[in-house]
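Contents: one structure, followed by commentary.
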Amino acid sequence: MSDKIHPVPKQVKAQALIDKEKYLKWYEESVENPDKFWGKHGKRIDWFKPYTKVKNTSFTGKVSIKWFEDGQTNVSYNCIDRHLKTNGDQVAIIWEGDNPYIDKKITYNELYEHVCRMANVLKKHGVKKGDRVTIYMPMIPEAAYAMLACARIGAVHSVVFGGFSPEALAGRIVDCESTFVITCDEGLRGGKPVPLKDNTDTAIHIAARQHVHVSKVLVVRRTGGKTGWAPGRDLWYHQEVATVKAECPPVKMKAEDPLFILYTSGSTGKPKGVLHTTGGYLVYASMTHEYVFDYHHGDIYWCTADVGWVTGHSYIVYGPLANCATTLMFEGVPNFPDQGRFWEVIDKHKVNIFYTAPTAIRSLMGAGDDFVTRSSRSSLRLLGTVGEPINPEAWEWYYNVVGDKRCPVIDTWWQTETGGHMITPLPGAIDLKPGSATVPFFGVKPQLVDNEGKVLEGAADGNLCITDSWPGQMRTVYGDHERFIQTYFSTYKGKYFTGDGCRRDEDGYYWITGRVDDVLNVSGHRLGTAEVESALVSHNLVSEAAVVGYPHAIKGQGIYCYVTLMAGHEGTDTLRQELVKHVRAEIGPIASPDKIQFAPGLPKTRSGKIMRRILRKIAEDDFGALGDTSTLADPAVVDDLIANRQNKATA
């Protein structure tokens, strides 16, 4: 924990939308009188039918979350149509291609046409309100058009990250029974093609075996690469949009009508379909975007995430566009053609607000300062981080080297489930401590509890819960409300349990310490240990597997796998490589194991439960105090694991 404090810079304070006094006043009202506070701020979006009810939520019993429930609106209308009269010619999306010489600017007028045409294509092929549409796309403007087109006609989109495998894509198609997929011939990442259409074809075959049949696939031509083609099912996007009008009226949606499903890893094997609805989500995404990034009209804003993750939903597409912002969409990677790419893009497009992940910061820090200092970065006003806690060393480098000691670093803590920022500094109001997410956003009531559920006051270390609802909160797990209740509200009754550990210091600042459940945070992406374990066990030579996280210099957390093989088989380096490939094929490259330790047995209690605490300690090369091992069925297993650990500190 860093003791250093960076006060709000004078020039930031002078032009900030929210100062300390306003933050304290608004925050108090937001938690003391949420109906009044959100009743006022709900009007930041346009409503076809104004709401009269604001908050109707319960964290007990059946758990029900409703905001602005009698209002009617449309997300696509709020992100596009309402800006056309005064800002139609303003750039909505700057697209920066994988190739540094290719970019494109799309105005709000052009965005309107693209989205209406895509919406009309969906309607032409039978997609209607409530239908689920799967989007498996690279970071190209058509991915945003697809999301907004679904929102326009009331279809529910399920965006699947383009780095996920066909198996992972199939699982998500099956779970939400999607019959329409939007994809691309190939993606481009770091100069290499990604076979998205071929992956889609494989996924559709897998889904069909589970009785979910995709009837149409809309394919955007990105590279012109060869792909399979199913006549009657597959449609070229460029051909289809040429046949429809560039106008499509937005459907009136109830505030609680579903907007999207986004799958996220849980502590059990099957990913959860996080369901977000229309009104509350957009109010919260747009409000957090404006105040957390101190967004002023005319700012060029760049979030480096992918639309396949919630950060891309809330802070590339919906939040910025609802605020009539100019949002930059980046197809590439931070180290292609070299490690200076981010800083070159900032100079090229005069970016004012830059939002990225600690993993990227640590990786670029390792490449040295020269890549940064050869660029000017003079347009930058604000830096942000997202996805995982940032270590103070990386924070200081980001602040000192990238931001030239003049740009506040906004360290945001939130989740797929929360829809938007929860604990975060506001640039003009909150002094910064490197490594701390600082204080709660308006309407957010954090609480620390110990493992028994006792509430901890003052400076404390515990499990982070939120005690009341906020408009951006997920409403349910798609198709499984019981799982929603069990996952988030059963551990500590009447509270939303985040799954994160947290420390609160004597100034009331919050420091996120990482997951306390069986979920890894690898490069800012959540991954369930159970998912990786089931991928390993699906290999014909693996009898049993246990997966834990360990500290990783770049990724934050690395993936450490303990693998027991079938009788008669020996662990070799070749098999290690084969297992890494196998996991990549089952889930995707983000799940690649960093360390695989072959183990004759795993530490189990007499009842057969694996003692993960011991496995974590060994993976961390910290086995001096393993705690009580008396309940182990075979304590000798531990000695073997220690002797053969893969993470020995080098002398």
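We number each residue from 1, going along the chain as drawn.
Cβ from N, Cα, C; glycine included.
A 10 Å cutoff on Cβ-Cβ distances gives Ser523 (CoA binding site) a total of 20 other Cβ atoms nearby, all chains included. Annotation source Swiss-Prot lists CoA binding site at Arg189, Gly190, Gly191, Lys192, Thr311, Asn335, Ser523, Arg584, citing sequence analysis.
Listed in sequence order, Val292, Gly384, Thr385, Val386, His421, Ile423, Thr424, Ala437 are the same-chain residues at least 6 apart in sequence whose CB falls under 8 Å from the CB of Thr412 (ATP binding site). What Swiss-Prot lists as ATP binding site is Gly387, Glu388, Pro389, Asp411, Thr412, Trp413, Trp414, Gln415, Thr416, Asp500, Arg515, Arg526, and the listing cites sequence analysis.
When secondary structure is read from DSSP and collapsed to three states, His539 (Mg(2+) binding site) falls in the coil class. Sequence annotations record features per position, and here Swiss-Prot assigns Mg(2+) binding site to Val537, His539, Val542 based on sequence analysis.
Marked as N6-acetyllysine by Swiss-Prot: Lys609.
Reduced to three states, the DSSP call for Thr311 (CoA binding site) is helix.
Among the binding-site residues listed here, namely Gly387, Thr416, Arg515, Val542, Val542 has its C-alpha nearest to that of Arg584 (CoA binding site). Comparing Val537 (Mg(2+) binding site) with Thr311 (CoA binding site), their Cα atoms are 31 Å apart once rounded. Across the binding-site residues listed here (Thr311, Asn335, Thr416), the residue whose Cβ sits among the most other Cβ atoms within 10 Å is Thr311.
Using a 10 Å Cα-Cα cut-off around Thr311 (CoA binding site), the binding-site residues Thr416, His539, Val542 reduce to Thr416. Put simply, of the binding-site residues Gly190, Gly191, Asn335, Ser523, His539, the one whose Cα is nearest the Cα of Thr416 (ATP binding site) is Ser523. According to its DSSP assignment, Thr412 (ATP binding site) is coil.
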